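Peer 1: Below are the features I grabbed from TrEMBL:
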- 4-388: domain 'Serine hydroxymethyltransferase-like' (DOMAIN)
- L117, G121, H122, L123: (6S)-5,6,7,8-tetrahydrofolate binding site (BINDING)
- H224: site 'Plays an important role in substrate specificity' (SITE)
- K225: N6-(pyridoxal phosphate)lysine (MOD_RES)
Amino acid sequence: MNELAKQDPQVAQLMKLEANRQKQGLELIPSENYVSPSVLQAMGSILTNKYSEGYPLKRYYGGNEFIDKIELLAIKRAKKLFNVEHVNVQPYSGSPANLALTMAVCQPGDTVMGLNLIDGGHLTHGWKVSATGIFFNSVPYHVLSNGRVDFNEVKLLAKKHKPKLIWTGATAYVYQYEFDRFAKIADSVGAYLVADIAHIAGLVATGNHQNPVPYVHLITTTTHKTLRGPRGAMIMVTKKGLEKDAELPSKVDSAVFPGLQGGPHDHTTAAIAVALAEAAKPQFRRYGTQIVKNAHSLATALMNQGFKLVGNTTENHLMLVDLTPFFGPGGGYFAQYALDQAGITLNKNTIPKEPSSPYFPSGIRLGTPALTTRGMKQKEMIRVAGWINEVLTEINHYRLPSDKKDRKTYLAEFRSEVNQNRKIKRIKMEIKQFSRAFPIFAW
Ligand code: DSN
């Protein structure tokens, strides 16, 4: 029996159940992945015992001889992998990284532009309830009905509002981010341009996405999505960034610490270093290519089953399905819940020109990074699309009540019916059986 199970059987049992859920289901949330045993080992290590406020060789605590080496190694690996001039590996995760970046180049009240949340953008690109929208003047841009960024609007807004900072990047965007087009606009108004590559970092590292480095001044990324590292983040400064503002590295570093954070999470830093070394290997290059092939295969299979995909395509690792033909407005909730019961995890998500609301959106978002880590290929994607179709066809008679008062009872009945549905139970068993052939640490 391991130590945790002996000392705290309650937590150990819950962790075991979660491990089983991860093993026996199909993970299609495009921002999730499975880390390697090495990353896991670095993360769950004695490095968590240490305090290291400050930066390598300039700490406010003693005893950082080895921590300094670990952080410097992570920085060196990140600089090499992404071909950038400066890297800060200390942000706790993507949201603090994005707030720190905004603090680094903007004063409170300065104007920032980012993709509107409902259109697929991220909270920290200036959404009104995020600190980045509360303390800064946020001017969001939008997508067209095909889901593509409306570059005419970006141009007009940038000219009118003269933003200090423009974000590119998204959480639910099925096309390549067009860094070159953004750069023309940002440069024309003298704005800092930052690429948030959290979703696509692994694809950028493997050459499966346009590289932002020649076009942007700054890059932020989480390290746990397609990059397949621990839950953390990095802020990077490019050569173009240094040319615009030689102070950018020190502005970024002091915004992270002491501006926003205290001591870095040294166990995460070590795990980031490990993940960056893995991402530099040839098998990771093959992994990046396979993610995109799988996404293409899944998108095609879904469309062959009659699903309506935003943009009728995917150019990266994720796709958005417009479920209004299935459920009318607000059906994302039904789809997410029923698929979850069948062992398929994905997100309910807004679609362009969303006719309902973010909590009851009309679409779903799904992607292939995690299934690809398990070794699945195009053929398996066809099977996955088949199960999604079976589950959603089974529940396509549900409709979200337009009167909010009626929703609680209706949804409780929906959940109870789905929980008892024999077909969904049967699919769950099939998926459990199927998943056995794809162990989580396959590579
Ligand atoms: N929460 C992440 C996602 O799922 O896309 C973005 O931060």
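Residue positions begin at 1 at the first shown residue.
Using N, Cα and C of the backbone, Cβ positions are placed for all residues, glycine too.
Automatic, uncurated: that is what TrEMBL annotation is.
Since this is a predicted model, take the numbers as computed values, not measurements.
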Peer 1: Given the (6S)-5,6,7,8-tetrahydrofolate site residues L117, G121, H122, L123, which other residues of that chain have a Cβ within 8 Å of the mean position of their Cβ atoms, reported in sequence order?
Peer 2: G114, L115, N116, G120, T124, H125, G126, W127, S130, A170, T171
Peer 1: Under 8 Å Cβ to Cβ from G121 ((6S)-5,6,7,8-tetrahydrofolate binding site), same chain, six or more residues apart: give me those in sequence order, or none if nothing qualifies.
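Peer 2: In sequence order, G114, L115, W127, P140, W167, A170, T171 meet the Cβ cut-off.
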Peer 1: Could you measure between L117 ((6S)-5,6,7,8-tetrahydrofolate binding site) and H224 (site 'Plays an important role in substrate specificity') for me? Cα positions, answer in whole angstrom.
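Peer 2: Spelling it out, the Cα of L117 ((6S)-5,6,7,8-tetrahydrofolate binding site) and the Cα of H224 (site 'Plays an important role in substrate specificity') are 21 Å apart.
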Peer 1: Given the binding-site residues L117, L123, which one has the fewest other C-beta atoms within 10 angstroms of its C-beta?
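Peer 2: Fewest other Cβ atoms within 10 Å, among the binding-site residues L117, L123, is found for L123.
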Peer 1: Grab the pLDDT values for the domain 'Serine hydroxymethyltransferase-like' (4-388) and give me their mean, rounded.
Peer 2: 98
Peer 1: Excluding near sequence neighbours, so keeping only residues 6 or more apart in the same chain, what lies with its CB under 8 A of H224 (site 'Plays an important role in substrate specificity')?
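Peer 2: Result: S31, E32, N33, V35, P230, R231, G232.
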Peer 1: By a simple count of other Cβ atoms within 10 Å, which of H122, K225, the recorded positions in the record, is least packed?
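Peer 2: Among the recorded positions H122, K225, the sparsest Cβ neighbourhood within 10 Å belongs to H122.
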Peer 1: Whole-number Å only: compute the distance from the Cα of L123 ((6S)-5,6,7,8-tetrahydrofolate binding site) to the Cα of K225 (N6-(pyridoxal phosphate)lysine).
Peer 2: 17
Peer 1: May I ask you to report the DSSP-based helix, strand or coil state of K225 (N6-(pyridoxal phosphate)lysine)?
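Peer 2: The three-state answer is coil.
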Peer 1: Please report the distance from the Cα of K225 (N6-(pyridoxal phosphate)lysine) to the Cα of H122 ((6S)-5,6,7,8-tetrahydrofolate binding site), rounded to the nearest angstrom.
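Peer 2: Given the Cα positions, K225 (N6-(pyridoxal phosphate)lysine) is 15 Å from H122 ((6S)-5,6,7,8-tetrahydrofolate binding site).
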